[in-house]
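Per Swiss-Prot, these features apply:
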SIGNAL    1-18  signal peptide
CARBOHYD  174  N-linked glycosylation site
BINDING   182, 201, 267  Zn(2+) 1 binding site
BINDING   201, 240, 349  Zn(2+) 2 binding site
DISULFID  316-320  disulfide bond
């Protein structure tokens, strides 16, 4: 039945689009129905599709990377080093102090603003406006922390309207720890027209890492650049289009020889109801497929140390979020989601992905985990912790 409804909506697209452009000229989206895109649905498995076919695949549960502009991502890092991660947490006192700064009210206020945009579809003017707001908010956080002399945020532009946002906290080396979330949203039943509040997907991750960024800047050592490693926070554009924004960024990093030691993606951090309805304990879902096993193991340790709820292993398939872009570029990456994948939010990609379904207490647990991870790894000495994959 879902497929029939989607097909009917797709058939009505030309007429509806014309009406939409007439009544909402402020958000014109130029449709190119015949343009082809190269997608990868599994490692090495590619096909050419139209944009409508991309959305049909997504409606039917198929994830993919759109590699039209990034066909060689990772090709120069095939013999990259394998990174070793800590065996235990050692920064408990510092993280405990910083965690006191995490505030649910900030996440709620930021999410209310983020969901006020009609959509955050990456090809729309709304998507541009929402990314402008993300950059503005991140810069305000830096200013409020008095960190402007060392910490900075900038736009990473793309060939579509919405830009990505990168905040950088320089450390004593160029070795970098990345925390990511995607800022765009989509309504898979008519992306250029219908509302897509995207509260959980991925407004929740966006504001979770935004709050972690704010809390982290309460550390004078971090702001003063005393951490051994550089720390970056990424808010990606166009994840819903096939991980487009994150691929562009990690392709740029690969080409410039950036030393990324770890990347954690936070995509959907707020929904717990299906878990509770199934009689399962509230937990965070640690993804175990298509991720770096060493980083993933350490994340479990971080959850046990800094969260009030346990972790549960789960899988989400190929290219299920932006960590896949980092992984393909040859960088260690991991993904933590709100629950076991089968209990994740059923409202996403529709007009009903709203704040009312989310738990800010649960989002706070994700924030605690993320803060613990970024502080532990930010102050970790990676210099003696790598081995060449070619020797394995």
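Heads up, the Cβ atoms here are built off N, Cα and C, so glycines get one too.
Taking the centre of the Cβ atoms of 182, 201, 267 as the Zn(2+) 1 site, the nearby residues of that chain (Cβ within 8 Å, site residues left out) are 181, 184, 198, 202, 205, 206, 239, 240, 268, 321, 322. Separation of the C-alpha atoms of residue 320 (disulfide bond) and the residue listed as 'N-linked glycosylation site': 28 Å, rounded to the nearest whole number.
Compared over the binding-site residues 182, 349, the count of CB atoms lying within 10 A of a residue's CB peaks at 182. Counting only residues at least six positions away in the same chain, the Cβ atoms of 63, 287, 289, 335, 337, 341 sit under 8 Å from the Cβ of residue 316 (disulfide bond). All chains included, 20 other C-beta atoms sit within 10 angstroms of the C-beta of residue 320 (disulfide bond). Sequence-distant neighbours of residue 267 (Zn(2+) 1 binding site): residues of the same chain at least 6 apart with a C-beta under 8 Å from its C-beta are 181, 182, 201, 202, 205, 239, 321, 322, 335, 337. The Zn(2+) 2 site is set by 201, 240, 349; from the centre of their CB atoms, other residues of the chain with a CB within 8 Å are 185, 186, 187, 188, 196, 198, 202, 239, 348, 353. Put simply, residue 240 (Zn(2+) 2 binding site) is 30 Å from residue 174 (N-linked glycosylation site) when counted between their Cα atoms. According to its DSSP assignment, residue 201 (Zn(2+) 1 binding site) is helical. Sequence-distant neighbours of residue 240 (Zn(2+) 2 binding site) (same chain, 6+ apart, CB under 8 A from its CB) are 58, 121, 122, 182, 184, 185, 186, 191, 349.
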